[in-house]
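Reviewing the structure listed below.
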Amino acid sequence: MSLLELRHIQKGFSGIPVLKNVSLDIEPGEVHVLLGENGAGKSTLIKIMTGAYSKDEGEIYWENQRIEIQSPVDAMNLGIATIYQELNLIPQLSVYENIFLGREIRKGPPFRFLDHQEMKRKAKEYLQRLGQDISVEELVCNLGIGKQQLVEIAKAFTINAKMIILDEPTSSLSASEAAQLLETIMELRKQGIAIVYISHRLEELKQIGDRITILRDGAKIATLPVKETSTDEMIQYMVGRNLDQKYPKEQFQLGAEGFRVEGICLQGSEKEVSFAAYQGQILGIAGLVGAGRTEIARGIFGVDQVKSGKVYVEGKEVRIQSPQDAIAAGLAFITEDRKAEGLILDQTLEFNMTIASLKNFRKGSLLQLEQLTQIAKEYITELQVKPGDVQKHARKLSGGNQQKVVIAKWLSTHAKVFIFDEPTRGIDVGAKVEVYRLLNTLVKNGAIVIVISSELPEILGICDRILVMHEGQITADILRDHATQEGIMKAATGGM
Amino acid sequence: MSEIALQEKEEELKRKGTLKKLSSKFGPLIGLFLLCAILSILSENFATVNNLMNVARQSSINAILALGMLLPILTSGIDLSVGSILGISIMIMGVFAVKMKLGAIVGILVCIGVGLLCGWLNGILLTKLKLPHPFISTLGMMNVARGIALIVTAAAPISGFPVAVQFVGNEFVGPIPVSFLLVLVLYIGFHYFLTKTATGRYIYAIGGNKEAARLSGINVNKVLVLVYSISGLMAGIAGLVLVGRVNSAFPLAGLGYELDAIAACIIGGASFFGGVGTVWGTLIGALIIAVLRNGLNLLNVPADFQMTVIGIVIIAAVYVDVLRQRGAKKNK
């Protein structure tokens, strides 16, 4: 008898299907691994199990009973506990207070005061069941991240969880903490609790998984016993798809080295990153989320301080300690999060497009306002921003058009080196193609273009050369002609 | 629905849209006019040249403080210390100009300089010591400055300032008070500064999205130090106006003035979340407060009631803004 069974689950967002006819069953006492690329639909599937999203179509069975999970409370009542990457603990409260947060044990009437003794006793019992010896009165902020996660898992006992979902639990843990967590999971499994486990670390999956379900582009590809599946097979199932004509790639003559970083080392890291980028070539940086690609870009651009490292633009060393320095050196950084880091949403397109280059539009100390409007209009035409009203607020635009506004901002600085971080995240297919064309145009005009992307097809579709990062280091440097999704995925998961 | 009906509906929506836009742009101004109209009916003394010039004069100190306050508010900050900076500036001016008899010019420079210095310190506390919010740095400065203002003369007032010091606060050009002319000059200057210089745009950018501003190459800390320095400078100038008007410097001068300055900005449409607000809105905000005070005085409303009314006006003005923004979101 399976504990949870999903049949033919469909889910879409504003017309775009995210889950296509996914069926899945979870048995009691098994560790069931969900595997898939970023955007394959794992998170959506989990959120349907936990009641955060409701399915569009399909059936859910719990212990062979047809049920609906319409809210997180429903899931909790069934005995489904979820531990997200971001922990939901209150640092200033003690371990036992956190474990019983929202489900406090109370004494009898009339006052129904909190029964601290009982909560402490039970909290201790729960932690012992996890094989842990953590003082229940310790404040959570005094615990390491690994112990905090165990406290989070102990919370699952307060709802008598029969199934625990863990979303990339080891991604922020040290090796020894991760090992401890895996042991705890085996302990839970022995007690008959089902574990749904999401991780990109294939080595880990081999160690603890019973069965593995692989998702790709919102569809289930296969459910396989872990013991009988090789890592290579897993990767092939994850990525196995052909590139279609979504990528308008143009070839250019390879030119001079226009940009080089040597030994960039971030604060709190020992790992160094060095690479060079050439004119006429789009350089892709692939890797899984959290591989340190954004961090390196931020370090290069002077957003975060770096411990050491040198940056060369067109062969000359430039000293960058702040974004101002970076812009002066001819760098542009199109960040991953448009809304939080790229745009001033309640200002006009003109304001946003010119904010990084205002100094070029001054006469004396006064701004040439007509010139600003003029330049904004030019970019609107050139990049086909819609609606094309310079006085429109950036907030009112679609994701794709907002991205064009951010790109216009950097075009106006006359940068020589463009670093794009996830340039097509959250924009529709049509706008993606326009962004790709723009990358081509930049390269044609002699700019250095570096693209960080977590989408492998995109990397393979638009880049000429690909660097792969894993845990803060470059693990591969491949020319497009020699690159395969499998090869990149291997390098991105630690070269297994 | 027929084609024509649809078109009509669209037209109507458009009209409503423009009306909304107009009301948001001129809302405070319309409020001021309405207020003046009502007071003209209720009191025959209100709409006289004499009285209106009196209002202009009474509004000038708050208008100058509010103008300074607008900058921190635009960066989504706050400056709680302006009232105290006014106090410390005029007390130290008193020591230099009256006690040490160093003359009007030195006095005026000292007054403005102390204001500027205090404001600069606010900026340094915020950006170099990285105190978490300007509420804290300026709250500290508010107490420190007030304390020093009391210490310098052991809480005694200073009077007998040179005539030249009193010029701004006390003289008239024709019927128009010099202090109000100064207000207009400052407001025009700030209008140019905020809308037509790069730094002015940076101020809006920082308030709109600090991280995006930083990543666009704006030296956020430098701009913030400038913003708080200017706010302090304005407090020094406001102090000069006050001394001119009462021909005396007293340590508790300006007590609580920061709240009226904040109120003027908010009534004038500035957003507490930063990035939104204009100098003209702020001027109207300051005038609304002054007209209210003046009108209620003319109608013999006791001071305690005046406070209550101004409180209600602040809440109402911001509530209207909240309603408008909610409407805008729905339209989207």
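For all residues, glycine too, the Cβ spot is worked out from N, Cα and C.
Any TrEMBL annotation is an automated prediction that lacks curation.
The transmembrane segment feature in TrEMBL is assigned to B:26-43 (among others). Counting only same-chain residues 6+ beyond the ends of the transmembrane segment (B:26-43), those with a CB under 8 A from a CB of the stretch are 267-269, 281, 284-285, 287-288, 291-292, 295, 298-299, 317, 320, 324.
Under the heading transmembrane segment, TrEMBL lists B:80-98 (among others).
Beyond the transmembrane segment (B:104-126), the same-chain residues lying 6 or more positions past its ends with a Cβ under 8 Å from any Cβ of the stretch are 68, 77, 79, 81, 85-86, 88-90, 92-94, 96-98, 134, 137-138, 140-141, 145, 161-165, 224-237, 239-240, 243. Taken from TrEMBL, the feature transmembrane segment applies to B:104-126 (among others).
Here TrEMBL flags B:147-168 (among others) as transmembrane segment.
Summarising the annotation, TrEMBL assigns transmembrane segment to B:174-194 (among others).
The transmembrane segment annotation in TrEMBL covers B:223-243 (among others).
Residues of the same chain lying 6 or more positions beyond the ends of the transmembrane segment (B:272-293) and with a Cβ under 8 Å from any Cβ of it are 28-29, 31-32, 35-36, 39, 55-56, 58-59, 62-63, 66-67, 70, 73-77, 183, 187, 190-191, 194, 204-209, 260, 263-266, 306, 309-310, 313, 317. If you look up TrEMBL, you'll see B:272-293 (among others) marked as transmembrane segment.
Annotation source TrEMBL lists transmembrane segment at B:305-323 (among others). Taking Cβ pairs closer than 8 Å, the transmembrane segment (B:305-323) reaches residues 27-28, 31, 263, 266-267, 269, 271, 285, 288-289, 292-293, 296-297 in its own chain, all 6 or more past its ends.
Taking residue pairs at least 6 apart in sequence, the transmembrane segment (B:174-194) and the transmembrane segment (B:80-98) share fewer than three C-beta contacts under 8 angstroms. Tertiary proximity for the transmembrane segment (B:223-243) is limited to same-chain residues at least six positions away from its ends with a CB under 8 Å from its CB atoms, namely 60-61, 64-65, 67-69, 71-72, 74-75, 77, 79, 81-83, 85-87, 89-90, 93-94, 108, 111-124, 126-127, 134, 138, 161, 165-166, 168-169, 179, 182, 186, 199, 202-203, 206, 249, 253-254, 257.
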